[in-house]
């Protein structure tokens, strides 16, 4: 069996506008400009920061940009081109996006948002190819489905390990899962068992961690 890295962007702050703030002026005006129903748009702190103050955890929510950048980097990696990577997005509301390795995401952020809105509505996009598929599922359920032989959680308080050594560790398993938080700060909301790893003495952005993990694994499995 070919070794593959299974990368999960977990507890991602990617969600439709919650019902509790649908009538907020910041949401209503934004929806009107885009000619969409408020309940059909993706929550985005860039445009909805005033409404976010009314939400629990509002300071960390509405960050689809994190998912966008992480996916662009992962899907364009050599590891993915060599069919050695599988990527999943798990959201704060326990939805899982299955990402086909051949998916070519829009580089343009606004087009990416439109794509995510279509995905949340239709559950699969495009409907004929199903490159992206959305299912209701917890992080624990996703990990159980993958059935890995090791689970690593990237965490600022984890065991320190330089990327090169972490790559060697990952490559010693056939089906490792690496979990990266898809949120700007704070801790994971989901409870999951695994070995916590830190790659640097300071906190790093999610997409930086994704890059470091992928490249460290590439060095070990692609010759």
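Every residue, even glycine, has its Cβ placed from backbone N, Cα and C.
According to Swiss-Prot:
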- 181, 186, 199, 200, 201, 202, 203, 204: S-adenosyl-L-methionine binding site (BINDING)
- 63: site 'Interaction with substrate rRNA' (SITE)
- 65: site 'Stabilizes Arg-63' (SITE)
- 104: site 'Interaction with substrate rRNA' (SITE)
- 107: site 'Interaction with substrate rRNA' (SITE)
- 111: site 'Interaction with substrate rRNA' (SITE)
Q. So among the binding-site residues 181, 203, who's got the most Cβ atoms within 10 Å?
A. 181
Q: Specify the nearest of the recorded sites 63, 65, 104, 107, 111 to residue 186 (S-adenosyl-L-methionine binding site), where nearness means the distance between Cα atoms.
A: 63
Q: Measuring Cα to Cα, tell me the gap between residue 201 (S-adenosyl-L-methionine binding site) and residue 63 (site 'Interaction with substrate rRNA') in whole angstrom.
A: 24
Q | Nearest recorded site to residue 204 (S-adenosyl-L-methionine binding site) by CA-CA distance, among recorded sites 63, 104, 107, 111 | A | 63
Q.
Out of 63, 111, which of these recorded sites shows the lowest number of other CB atoms within 10 Å of its CB?
A. 111
(Q) Excluding near sequence neighbours, so keeping only residues 6 or more apart in the same chain, what lies with its CB under 8 A of residue 104 (site 'Interaction with substrate rRNA')? (A) 75
Q) In Å, how large is the greatest distance between any two Cα atoms among 181, 186, 199, 200, 201, 202, 203, 204, the listed binders of S-adenosyl-L-methionine? A) 17
Q.
By the count of other Cβ atoms within 10 Å, pick out the sparsest of the recorded positions 65, 202.
A. 202
Q: List the Cα distance (Å, whole number) between residue 63 (site 'Interaction with substrate rRNA') and residue 111 (site 'Interaction with substrate rRNA').
A: 15
Q: Identify which of the recorded positions 107, 201 has its Cβ surrounded by the largest number of other Cβ atoms within 10 Å, counting every protein chain shown.
A: 107
(Q) At 10 angstroms around each C-beta, which of the binding-site residues 199, 204 has the fewest other C-beta atoms nearby? (A) 204
Q: May I ask which of the recorded sites 65, 107, 111 is closest to residue 203 (S-adenosyl-L-methionine binding site) if we compare their C-alpha atoms?
A: 65
Q) Which number gives the other C-beta atoms within 10 angstroms of the C-beta of residue 200 (S-adenosyl-L-methionine binding site), all protein chains shown included? A) 14
Q: Would you mind pulling the DSSP three-state label for residue 181 (S-adenosyl-L-methionine binding site)?
A: strand
